[in-house]
């Protein structure tokens, strides 16, 4: 079956004219040639490294630009989007008028017109019933490479009948000179129009804007259909038992979901529908700062031909210095998921989840290493999305910094957070799934809970041992904590026992409880949020 490709007339329908050539769904070999052409300049040019992967730079934008994110406010989105200018919660969903959208679209289409363009047709979502068919249009070869890595690659048969549901036009080279008069944040923009089903990118070269842009759109579309949309990793055991892992950066989400006894469904973005849990993506976007073969062999070995490195330091001989964070600490690599051996094949999906794990790294030394949550506590801790970091390594500086990120991914939520919590718990209740709060952080000893103990805790959750254990109730937080677990140091299960003076735990617990309550206040502007206050800590 022949792949139909795309015509200049189709691009003209988006406002792109006089295209000199269309490179449609290029192969990896062609992309390799295109992005290493000696005539390329600036951020377009890729560098071949000794790993076999190409390295590119994204300029001053080495991460997402949340302050430059906009959504057109119209009849469709007015009463559904969680707007930045409404309610108590802070978020990045700033409203944009149709008039300014038209102006931004004109800038991007003018930038892409008359050029040689790469068009990549992909799927977002591994379940054929609910996936988005996404068309990416860019003039930059490595950006086409990035989306080929990160999204699901259709077969020739699927491409022959491909009809896009969503268009992403990446005009990284263009900026908006009228931003001040229009009341925008800067000359750069990442804008969405849910009526036109389109994303526009201008001014930023960061590849992650395309990945997370479509995640934000799935986060809008799926929950409205009753499908959970989740910022999590997921894996499946030999018996088909599925576990999902939520957690902010530094909590161990990638490490703990990578398990030789279980197959990886995906590492970052998933949906949960009537058939089960499915990956949105066809690749992984892993951090590479201080990467080593010993610590993370799967990621290390995935960096080879067809992988794409971002903002790493490449030495004169082509070797990569993964320890050098001089460009950014957010160095990344994208690669197709099949670069990892132990994955679910041929489609990144599995059955319903039976275990839901919330990972937190509590630097306050208050939370137990593991607790079993009720349905309301599940919603409360999901909405809280808590973790904490130690403030610094200087002597005597021990005040932790708390982070609360709704649904463990506030930056990507398009609807009010309570809608995600409600859908998740409905999915869990339909199949009898159980949630657990796992603390990978610190306790009263001042040391971090060992990876050995944490892995044994995860094993006890996955094999069901934790559900047989006797529990006690931890005061203030009202959490059900096991009294003993196989392979876990019994002295750490009650966090109070890790303090020489238990009054210290009480004092810290009351402090942390107040922080939880202060954070949760923003959800009380909806009936669903107000009803969950009693599931939180009590002072």
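Each residue, glycine too, has its Cβ placed from N, Cα and C.
According to Swiss-Prot, the feature substrate binding site maps to 64, 206, 212, 332. There are 23 other Cβ atoms within 10 Å of the Cβ belonging to residue 332 (substrate binding site).
Taken from Swiss-Prot, the feature ATP binding site applies to 212, 231, 247-255, 296, 332, 448-449, 454. Residue 449 (ATP binding site) falls outside any helix or strand according to DSSP and counts as coil. All protein chains shown were included, and the count of other CB atoms within 10 Å of the CB of residue 449 (ATP binding site) stands at 26.
Counting only same-chain residues six or more apart in sequence, the Cβ atoms lying under 8 angstroms from the Cβ of residue 268 (Mn(2+) binding site) belong to 231, 232, 233, 281, 284, 285. Annotation source Swiss-Prot lists Mn(2+) binding site at 212, 231, 268, citing sequence analysis.
Across the fold, the C-alpha of residue 255 (ATP binding site) and the C-alpha of residue 206 (substrate binding site) stand 25 Å from each other. Here the C-alpha separation of residue 253 (ATP binding site) and residue 64 (substrate binding site) works out to 20 Å. Note on residue 251 (ATP binding site): other Cβ atoms within 10 Å of its Cβ, all shown chains, come to 23. For the binding-site residues listed here (249, 255), the lowest count of other CB atoms within 10 A around the CB belongs to 249. Residue density at residue 64 (substrate binding site): 20 other Cβ atoms are found within 10 A of its Cβ, drawing on all protein chains shown. Using CA atoms as reference points, the binding-site residues 64, 212, 332 were checked against residue 251 (ATP binding site), and the closest is 332.
With respect to residue 247 (ATP binding site), the closest of these binding-site residues in Cα terms is 212, chosen from 64, 206, 212, 332.
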